[in-house]
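J.: This structure is in structure tokens; I'll ask about it shortly.
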Amino acid sequence: ISLCTEQHPLNICFRAPQASQTPTPTHLQNALFGMGNPLLDICAVVDKDFLDKYGLKTNDQILAEEKHKEMFEEIVKKFKVEYHAGGATQNSVKVAQWMIQEPHKVATFFGCIGKDKFGKILKEKAEEAHVEAHYYEQTEEPTGTCAACITGDNRSLVANLAAANCYKKEKHLDLEENWKLVEKAQVYYIAGFFLTVSLESILKVAKHASENNKIFCLNLSAPFICEFFKEALMKVMPYVDILFGNETEAATFAQERGFETEDIEEIAKKAQSLPKENKKRQRIVVFTQGKEGTVMTKGDKVETFPVLKIDQSEIVDTTGAGDAFVGGFLSQLVQDKTFEQCIRAGHYAANVIIRHAGCTFPEKPDFH
């Protein structure tokens, strides 16, 4: 029997298995593809003076400038630091893999690192997370780092992209063995941060997804992306099937697009109706709002889903909460679950991550 179902997020027609068959999940290997900035996170609890000294806001993410150069050395000298494999997209695919558990290597990740100590740590961490990371390794720039300056339950992120900025489409993505991995995937996820690095790489992947009726997801990632990289963002937007963002990014995006509304549901609807290449799928927009409910467009409706309650005292650090939400969401999306189930998994993953330092998690998820 051939079953075609509209509710099915992937809109795939599939044949019902014979009673004797037990489907194995090996088809999930390399089904999720992520590309972005691999960074080693340097996490530390800092004080307000430290933020003020480097002109940082309590809850923000920016790219390092000249004035932040010494900050990376000072944070290591002055505070107790922990190192974690990071970078928004890499975090999300890592969480998706953790949620799925088996098989390993559901997620493939591309990005650029240096041939150095931090690069080696990133490779080890990716392996530990069972993510198939294919890094473009070069010697001109060191592996990128991100200082996560934690104050209370806020975090200010300062990314020094370094090597991550050196990703080259023709030197990595275009290589036959690498492109084959792109073709194997069904779901693609790229954080908006990568728009600052290689727009042509994003467009190549986005067009492939659109032409083959696969799912391409993009994250607004930070207000500065919506402001200063809006041209690149709007070049990719026609290929976006699922758009992620938080309330601050949504507000900045609306302002830059001239939506003339501050209502998050209205912003979601307007973002949904922006021009789209692949007409077989209506765009889904998902905006998180911290402890407030998550907003999602579905058809002509906008729904709000409450997040899981958590006691303030249980929050260790909100670094990676947004990435974890996306990771949880993708873990179900790649398994053809409903969008409601995707949101539930996103909320679960974010709830786990904020109880741990950095984007780290226990050995196994407890999600049903």
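Each residue, glycine too, has its Cβ placed from N, Cα and C.
Below, the features straight out of TrEMBL:
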type	residues	note
DOMAIN	50-362	domain 'Carbohydrate kinase PfkB'
ACT_SITE	D323	active site, proton acceptor
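Give me the structural setting of these features: burial, nearby parts and distances.
T.: Here the domain 'Carbohydrate kinase PfkB' (50-362) returns a mean pLDDT of 94 for the predicted model.
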J.: Around the Cβ of D323 (active site, proton acceptor), how many other Cβ atoms lie within 10 Å? Please give the count over every shown protein chain.
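T.: So the number of other Cβ atoms within 10 Å of D323 (active site, proton acceptor) is 27.
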